[in-house]
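A.B. asks: Features from TrEMBL:
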- 1-16: compositional bias 'Polar residues' (COMPBIAS)
- 1-34: region 'Disordered' (REGION)
- 53-73: transmembrane segment (TRANSMEM)
- 79-105: transmembrane segment (TRANSMEM)
- 133-157: transmembrane segment (TRANSMEM)
- 163-185: transmembrane segment (TRANSMEM)
- 197-221: transmembrane segment (TRANSMEM)
Amino acid sequence: MSFRMNSVVPTTTRSPEISEIPTPPNQNKDLELGKSDDTIDYMQRAQWLRASVLGAIDGLVSVASLMIGVGAASSAAKAMVVSGLAGLVAGACSMAIGEFVSVYAQYDIEKTLIKQGEATDGEENKEPLANPLLAAGASALAFSIGGLLPLLAGAFIKSWGARLGVVCGVSSLALVAFGAIGALLGGAKPYKGVLRVLIGGWLAMLVTYGTLKVFSLLFHVNISSSG
């Protein structure tokens with residue numbers, strides 16, 4: 001009597017593969033980019049970076065160049081100080097007005113987009129809108145802070161050569177500081193930001209001085225003053 005053994009092959013149901021389990025699209029995107037909740041949003045920083053650090057650099061370069069340019073045509077301390085003060089006030093007002101107009105245009109666009117979204121989806125956008133007054137005030141304040149540095153540096157020095165040297169030296173040191181701060185806040189390497197800002201500031205001061213010097217020599221302009 002022979003016995004025949006049939007091999008029994010266990011049957012199992014196929015479980016879904018891990019790759020077949022859908023992953024939320026946002027999670028995939030975050031995993032690919034390596035993002036986390038504490039990731040720095042440099043695009044958001046750029047909005048106030050332009051109105052703060054760059055505004056201070058603008059004020060510094062504008063006032064210092066103006067004072068050095070007037071110094072090319074006049075050895076009087078009062079002429080340089082008055083020109084620097086005028087440049088500071090005028091520049092701060094110009095920065096405030098320009099920033100106000102620019103941000104107000106952005107505000108109008110955001111309001112229009114919100115109205116279009118409410119009409120389409122019926123949902124209200126809760127994100128904060130651009131603030132033109134805040135941007136204008138910040139821009140004017142930053143410009144004034146930057147412009148005060150060369151103005152105060154040369155205000156109390158009687159010697160023409162020493163005054164020009166101090167204004168150039170203080171302005172250069174401030175440009176290095178502002179350039180490094182701007183680069184760090186923007187996520188760039190500090191030395192690159194410092195070189196860009198420093199070279200740009202030197203060129204502005206050199207061009208202004210050279211232009212006014214040539215002008216004073218050609219037209220025999222010499223602003224004299226007892227102070």
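Even glycines carry a Cβ here, placed using N, Cα and C.
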A.B. asks: Which bits of the chain, at least 6 residues beyond where the transmembrane segment (197-221) starts or stops, bring a Cβ under 8 A of a Cβ in it?
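C.D. replies: For the transmembrane segment (197-221), the nonlocal Cβ contacts are 57, 60-61, 64-66, 68-73, 168, 171-172, 175-176, 178-179, 182.
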A.B. asks: Short question: which residues 6 or more past the ends of the transmembrane segment (53-73) have a Cβ under 8 Å from it?
C.D. replies: 79-81, 83-84, 86-88, 91-92, 95, 138-151, 154, 160, 163-164, 167-168, 171, 174-175, 178-179, 181-182, 185, 197, 200-201, 204-205, 207-213, 215-216, 221-223
